[in-house]
Amino acid sequence: MHLHIEGTLEPELAFALAARNGVTLPYATEDELRRAYSFSDLQSFLDLYYALMAVLRTEDDFADLAHAYLARAEEQGVRHAEIFFDPQAHTARGVSLGTVIRGLSRALDAAQETYGITTRLIMCFLRDESAASALETFEAARPYLDRITAVGLDSAEVGHPPSKFKEVYALAREAGLKCVAHAGEEGPPAYVWEALDVLGVDRIDHGVRALEDERLVARLVADRIPLTVCPLSNVRLRVIDDLAAHPLPAMLDAGLLVTVNSDDPAYFGGYAHDNFAAVRDALGLDDAALRTLARNSFEASFLDEATRAAYLAEVDAY
Ligand SMILES: [Zn+2]
């Protein structure tokens with residue numbers, strides 16, 4: 001539910017694509033680059049994240065990126081993946097939106113046959129860019145809307161409240177798309193309220209800070225709004241000091257429809273199963289809690305009802 005495809009770029013593929021495209025990386029070896037992946041804060045992560053995107057230039061590059069992710073996802077036991085991409089991070093470098101969407105779609109189309117994984121694509125707006133830029137991106141995406149299930153909102157949260165993107169979300173809903181938004185990761189509960197009431201989102205990405213507002217928790221529970229929580233990301237970005245202090249059990253106890261996700265797994269120390277295993281070990285979650293988390297993921301997904309029911313039956317039979 002919460003996976004940025006650009007955040008799945010592993011050092012091996014970064015070097016291979018750099019060589020293919022004649023891009024020089026500021027790292028001599030894969031080992032040196034891998035060491036750079038242990039950044040110390042949000043800004044050093046974002047600096048590396050955007051610098052490495054320079055290797056993504058052609059349709060083949062985006063297809064190879066998504067293929068590599070899906071191969072790892074299969075090893076991790078993932079059955080369905082709803083995948084974010086950031087068009088503005090590519091169009092700003094002169095890569096066309098069509099190149100990005102065609103490349104990703106090629107890999108996603110093959111995913112069910114190759115990896116037994118169903119997929120959806122979610123187009124995110126960078127919230128630290130302007131509302132006008134988001135509108136321009138949405139208009140440019142109109143020819144490809146049949147490939148896109150939902151719109152989302154990501155990048156640096158604080159200072160960029162959801163309400164800034166009211167207009168583009170209204171257009172997305174008019175076009176029949178689902179809506180999600182990052183909110184309540186570093187930003188306050190007020191941003192979660194805005195995502196719900198101003199943007200009309202179907203899911204909240206992160207939302208861990210919603211726990212600070214009892215009325216908000218009651219609203220999220222009553223409306224069965226899913227929260228896509230990313231435990232290893234929260235620790236690496238210092239949203240939470242220690243995994244053992246993660247609020248996931250409190251969120252489950254509150255009756256929130258919470259899910260476990262990997263965010264930018266190449267950078268944050270693990271993919272989907274790694275996150276499940278980490279919270280199981282650090283928080284002492286039992287099989288029933290893990291089963292609830294797996295069920296929640298399918299309930300939170302944008303699958304059609306028949307496919308959702310089939311996946312839920314598989315979880316129940318496990
Ligand atoms: Zn994210």
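Residue numbering: from 1, along the chain as shown.
Keep in mind that glycine also has a Cβ here, set from the backbone N, Cα and C atoms.
Going by what TrEMBL states, the Zn(2+) site holds H2, H4, D263, and the candidate of H90, H160, H182 recorded there is H182. Nearest by CA distance to E185 (active site, proton donor), out of the recorded positions H2, H4, H206, D264, is H206. Ligand 1 lies under 6 Å from the Cβ of D263, out of the recorded positions E185, H206, D263, D264. Neighbour list (H2 (Zn(2+) binding site), Cβ cut-off 8 Å, at least 6 residues apart, same chain): F84, D205, H206, T228, V229, C230, T259, N261, S262, D263. Other than H2, H4, H182, D263, the residues of this chain whose Cβ falls within 8 Å of the Cβ centroid of the Zn(2+) site are, in sequence order, L3, G7, F84, D154, D205, H206, T228, C230, S233, N261, D264. D264 (substrate binding site) and H182 (Zn(2+) binding site) have their C-alpha atoms 13 Å apart, to the nearest angstrom. If you take every residue in the domain 'Adenosine deaminase' (1-317) and average the pLDDT, you get 96.
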